Amino acid sequence: MRSSCVLLAALLALAAYYVYIPLPGAVSDPWKLMLLDATFRGAQQVSNLIHSLGLSHHLIALNFIIVSFGKKSASSSPKVKVTDTDFDGVEVRVFEASPKPDEQLRRSVVYIHGGGWALASAKISYYDQLCTAMAEELNAVIVSIEYRLVPQVFFPEQIYDVMRATRYFLQPDILDKYKVDPARVGVSGDSAGGNLAAALGQQFTYVANLKNKLKLQALIYPVLQALDFNTPSYQQNVNTPILPRHVMVKYWVDYFKGNYDFVQAMIVNNHTSLDVEKAAALRARLNWTSLLPSSIKKSYKPVMQTTGDARIVQEIPQLLDAASSPLIAEQEVLQALPKTYILTCEHDVLRDDGMMYAKRLESAGVNVTLDHFEDGFHGCMIFTSWPTNFSVGIRTRNSYIKWLDENL
């Protein structure tokens with residue numbers, strides 16, 4: 001009996017050691033966040049083991065775990081009709097609010113889920129619940145895109161998927177089929193989905209018959225650049241769940257089908273050092289010393305290497321492509337973008353990507369709303385139901401939907 005108690009105590013101590021990570025006191029529901037992070041880390045470690053045994057790619061294994069525990073079939077309710085279909089060969093899940101007698105045409109949002117371009121699905125419960133709530137509360141049609149993921153495809157195929165599906169949806173006969181007002185269509189996405197939504201908005205500015213087709217864009221803690229992994233938010237949140245810096249850098253490398261040998265060099269900005277000429281012209285577009293307020297910059301210092309590794313950009317030129325990093329787009333492109341909402345979280349490596357984009361858009365004359373949450377963490381907006389219900393998740397979702405309601 002005594003030995004059993006000792007063993008149990010030891011196991012509990014090991015579990016506590018694995019789960020516990022130091023967190024800022026201001027973050028929402030810290031113990032719940034620790035448990036969520038420990039669960040995700042555990043799934044990552046299992047997928048890495050599967051990869052090392054040669055059984056499957058680690059991202060395929062990890063996504064299998066995520067989707068297996070959260071996949072939801074297309075299930076309609078009296079208030080929202082849910083159907084799975086495809087738009088020009090791209091799978092989508094469509095959420096249609098029941099039409100109101102006094103409203104012949106409805107507004108619409110094209111939604112792009114997050115997951116590092118490699119994980120999650122429009123068909124998991126988190127995104128199904130979010131899009132159902134959006135459809136019901138906005139009395140709208142929500143098109144959630146099931147774009148192809150890494151390692152099935154790599155950049156820029158994900159952008160092509162969301163462009164193809166959105167262009168198809170914007171055809172007059174398709175909008176008419178879903179009874180959507182063509183003047184009230186927006187695009188939105190979270191995390192990597194926010195990246196794809198921003199890229200989509202910029203790509204539309206190059207096509208005459210698509211320019212001005214989107215009434216707004218709403219970007220939720222978007223990832224917007226791969227040139228500087230030492231912004232104040234990257235330095236402040238280097239090990240903060242659910243997205244530590246090294247994990248975000250690996251997502252970028254995976255997106256470009258790059259070499260993991262470059263990860264450590266990229267973390268210290270060796271890929272955009274002063275001797276990398278191709279990066280020189282782009283630095284001013286994400287110069288956080290001028291784009292961020294003093295309250296965000298605090299005492300952090302820029303990390304700019306004099307001599308780096310030019311091989312990185314030579315082998316992964318996509319790092320400097322505005323299609324992958326919308327923050328570095330030219331001013332003329334930004335000027336053509338629609339009204340914009342950007343949600344950022346204090347405890348997120350991507351906080352400054354969103355804040356800098358808001359500043360650049362504002363300078364380009366775009367109407368921008370920056371919605372910052374001091375107790376927020378990356379991914380929080382989809383965590384609104386038990387057992388992963390967070391106070392900040394509910395508040396961010398409500399704030400986001402309220403803005404859409406007032407502006408779409």
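Note: Cβ is positioned from N, Cα and C throughout, glycine not excepted.
Quantities reported herein were computed from a predicted structural model and do not represent experimental measurements.
Marked as domain 'Alpha/beta hydrolase fold-3' by TrEMBL: 109-262 (among others).
Within the same chain, the residues at least 6 positions away from SER191 (active site) whose Cβ sits under 8 Å from its Cβ are GLY114, GLY115, GLY116, ILE220, TYR221, PRO222, VAL223, LEU243, LEU350, HIS378, GLY379, listed in sequence order. Taken from TrEMBL, the feature active site applies to SER191 (among others).
Per TrEMBL, the feature domain 'Alpha/beta hydrolase fold-3' maps to 320-381 (among others). Confidence for the domain 'Alpha/beta hydrolase fold-3' (320-381), expressed as mean pLDDT, is 98.
Feature annotation from TrEMBL assigns active site to ASP348 (among others). Within the same chain, the residues at least 6 positions away from ASP348 (active site) whose Cβ sits under 8 Å from its Cβ are TYR221, SER233, ASN237, THR240, LEU243, GLY376, PHE377, HIS378, listed in sequence order.
What TrEMBL records for HIS378 (among others) is active site.
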